[in-house]
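Going by TrEMBL, these are the annotated features:
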| type | residues | note |
| --- | --- | --- |
| COMPBIAS | 7-18 | compositional bias 'Polar residues' |
| REGION | 1-24 | region 'Disordered' |
| TRANSMEM | 50-69 | transmembrane segment |
| TRANSMEM | 75-94 | transmembrane segment |
| TRANSMEM | 106-127 | transmembrane segment |
| TRANSMEM | 147-170 | transmembrane segment |
| TRANSMEM | 182-201 | transmembrane segment |
| TRANSMEM | 207-227 | transmembrane segment |
| TRANSMEM | 248-272 | transmembrane segment |
| TRANSMEM | 321-339 | transmembrane segment |
Amino acid sequence: MRDSNSDHSCSSPRTPNLRQRRRSNEIPPEILKSNGTILLANDKFKYKSMWIRAYSSLWMLAFVSLIIYMGHLYIWAMIVVIQIFMASELFNLLRRANQDKRLPKFKLLNWHFFFTAMLYVYGRILSQHLVNTVTSDKIFYRLVSNLIKYQMVICYFLYIAGFVWFILSLKKRYYKYQFGQYAWTHMILIVVFTQSAFTVANIFQGIFWFLFPASLIAMNDVAAYFFGFFFGKTPLIKLSPKKTWEGFIGASVATMIAAFTFANFLGCFQWLTCPRKDLSTGWLECDPDPIFKPEYIPMPEFVSHWIPQKEIAVLPVQWHALWLGLFASIIAPFGGFFASGFKRAFKIKDFGDSIPGHGGFTDRMDCQMVMAVFVYIYHQSFVVQHDYSIDVLLDQIMRDLGFEEQLALYTKLGQILHERQLMHI
């Protein structure tokens, strides 16, 4: 939730940690003097800002819609690209150009840790999907099974290689800067990969569990912006002076209404609700989960007396959607407040300038980070039925046993079944 993309409150001088040359995402001096007290409703440049944001939003909407239509694997690829942009923006936040020149290849070390973390996180999440994709080829299956088996060892030694590289790259007079960058890199990895791991897990549970919460955050953001744009008078929080109570409350009501109705719309498409158990890109068909099957609720007598419709169809997922909408309205915006305080600490307006009118990719993902983690926990706790069905047991067998072990198990089961059939004759 955000009434405006920028934070304009900062009056202290620049710190030596930042580049001497002002970047495009730093707070300009004229805004520093105003101390950020101008509300969006009183901003004389608000219409120009609104149109820039609108055009950028339309382009983003079109691009994301295309990616979602293409399927789970392409959405995952989009998440990876967003991660790379976010990491780049955050890596640059503490860079000192004059010191980086004296530390050649130090940037490369950051990206070594980044891609090692990516291999570890996605290897753990998508190992079973990869196995399911290659089961038709015995040789390839063995290769993939061995890679998955030793994936943790590979990642560990890649990390150790980076650690040794860091120690060998230490230079006198730059120890403090280098150790600061080392710690900063690890914090970035935690922030970026924690939320993305949950996001990717949500995607393969069904695109619905990625698209719906992300849409709620976007709806809340847009509603807060427009309610603040036209009615904002009362500041909400000092960390972000352009956010108002009018925008916050108006967006909360709008998001709750949108959550209930939009869940019904998305829940009608099997392409969005079916889980993906492999890494193929084919069209999905499945028996819908019970929460996506309509239930019919009788209309009250005083209502049915005036309209011909006697009952209304409601998907059970719509009741879950209300809880997600409540979280997106009340709690997720604190991710934005945290980002606002973080930017103030570093005297910057935005994390980057990749998206006109919005800032950088990190500026767009602040609330999404909080929402993705909540959706995964909520889905696993209140939506997924934890039972020991045949499908669950088979998934466990394929994940934990090698090819020969699986053959031995199936042979043994066949013998047991044959013996029981003989006993009944």
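Placed from the backbone N, Cα and C atoms, the Cβ positions cover glycine too.
Curation does not apply to TrEMBL; its annotations are automatic.
Counting Cβ pairs under 8 Å to the transmembrane segment (207-227), the top-ranked stretch among 75-94, 147-170, 182-201, 248-272 is 248-272. Sequence-distant contacts of the transmembrane segment (248-272) (same chain, six or more residues past either end, CB-CB distance under 8 Å): 1, 206-208, 211-212, 215-216, 219-221, 223-224, 227, 231, 236, 283-286, 288, 291-292, 314-315, 317-318, 320-322, 324-326, 328-330, 333. Residues 5, 75, 78, 207, 211, 222, 225, 229, 355-358 of the same chain, all 6+ positions outside the transmembrane segment (50-69), place their C-beta atoms under 8 angstroms from a C-beta of that stretch. Residues 80, 83-84, 87, 91, 100, 148, 151-152, 154-155, 158-159, 161-162, 165-166, 169, 178, 181, 185-186, 188-189, 193, 196-197, 200-201, 204, 279, 399 of the same chain lie 6+ residues outside the transmembrane segment (106-127) yet bring a C-beta within less than 8 angstroms of a C-beta in it.
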